[in-house]
Amino acid sequence: MSPSEFAREVSKRRTFAIISHPDAGKTTITEKVLLFGQAIQTAGTVKGRGSNQHAKSDWMEMEKQRGISITTSVMQFPYRECLVNLLDTPGHEDFSEDTYRTLTAVDCCLMVIDAAKGVEDRTRKLMEVTRLRDTPILTFMNKLDRDIRDPMEVMDEVERELKIACSPITWPIGCGKLFKGVYHLYKDETYLYQTGKGHTIQEVRIVKGLDNPELDAAVGEDLAAQLREELELVQGASHEFDHEAFLSGDLTPVFFGTALGNFGVDHMLDGLVAWAPAPMPRQSSTREVVAAEEKFSGFVFKIQANMDPKHRDRVAFMRVVSGRYEKGMKLRQVRTGKDVVISDALTFMAGDRSHVEEAYPGDIIGLHNHGTIQIGDTFTQGEDMKFTGIPNFAPELFRRIRLRDPLKQKQLLKGLVQLSEEGAVQVFRPIASNDLIVGAVGVLQFEVVVARLKSEYNVEALYESVNVSTARWVECSDVKKFEEFKRKCELNLALDGGDNLSYIAPTMVNLNITQERYPEVVFRKTREH
């Protein structure tokens, strides 16, 4: 392949994730994005939770029952001249770790806001995460077919609470039953709303010009007058779109629409492919790696167990950073120093998998994993480097787990270790007892683990409360002091799923006193994978 062909493939890629509060319409938008990219012909509506048409990206048993996305799926689809990789992140408020790691693998995010509610708690948390890497953000104000808050007010709230400037690209005409469409500020065109449900994309009627009498006839004189008045205000009070400010994460273009009504999503996608960055450089332990480099490199940001109930398998999701993956190529797994031939990498269309012949920077490929790959692993064509910035968080909630059938201890341990490797939960094995303690960032993770142990490993487990309030990973360069610490604190020490030593504290007071007593020991709240 010639360098110019390779450069063209790289420049076509856009890799993004959707962030939102639960129920802001993220799953619907995911489907409609795929629909506009023609990847799904029938966008199975999520509201029909009793029907068999589950949302294309919610494919695990518990997700199917609840209608929330618990695991990250990956979908690739063509749009205009580009190839778009969409990473679906869990929408439920609990799943911050998995979501966080997914956000390390994208170059851009789409923030979905319920225009009736404005900025909500989960959106704030996710925006904090994107801030750490200055990820560019596009915004979609959703649910315009319902009664919403004043759009100016919602934009002000975004600017105030999320500390990002808003630049409206489209502007709504009415809302709820009176929703008539949107006006595009940069094209001077009005797109008239016709509801399109499911997988029908309606032909949209376009009215050119703001002073066109056709506009008054189409939306009514009152709404047309209101639109002109609002636009004067908007153009005076809001920011003009500035591509540099967008790329540095300081400004977000804002689009209005209704995902359920298949309206406005294409305007946002047009903005995404026009403005979002092609695959970005990434920092490694030794240098910055640029997408256009000839040699392949990539990192694993997620491990998913049992994606195919028919095959007991685990798949490691790898973001390609540089070079080109070709079927059958030999790659070095840097952590182990082993060279492996990868002949059966997968690409995904949410649950439908197919084998990949080639992949480029920005693409996500799946590697079959028989317990040898971990989150954070770097693969190269021989270079000894590790991509940085893929963290593990100290859990905030803890339970002791025990079996209904004590003879299944081996299966329980296997299941927990596999679930901890994919980041669904963290497992701690206290050194001084045979207990198994499970740590999570949110309550729902505990339910997920018990449900998956039962459905995937045939193990029935129960939780009991345990006297642990927090955990820290510990290390110390002074061997003698560390031995003394380990001897005296044995009752509070445990090994996590990766056999890293951690201190489990019954109270924050206990942790603070221990830290004061052993100043040479480092207590870490996060750990690089």
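Using N, Cα and C of the backbone, Cβ positions are placed for all residues, glycine too.
Listed in Swiss-Prot for this protein:
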DOMAIN    11-280  domain 'tr-type G'
BINDING   20-27, 88-92, 142-145  GTP binding site
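This prediction places the mean pLDDT of the domain 'tr-type G' (11-280) at 84. For S20 (GTP binding site), the number of other Cβ atoms no farther than 10 Å from its own Cβ, over all displayed protein chains, is 24. DSSP classifies K26 (GTP binding site) as helix under the three-state reduction.
In the three-state DSSP reading, S20 (GTP binding site) counts as strand.
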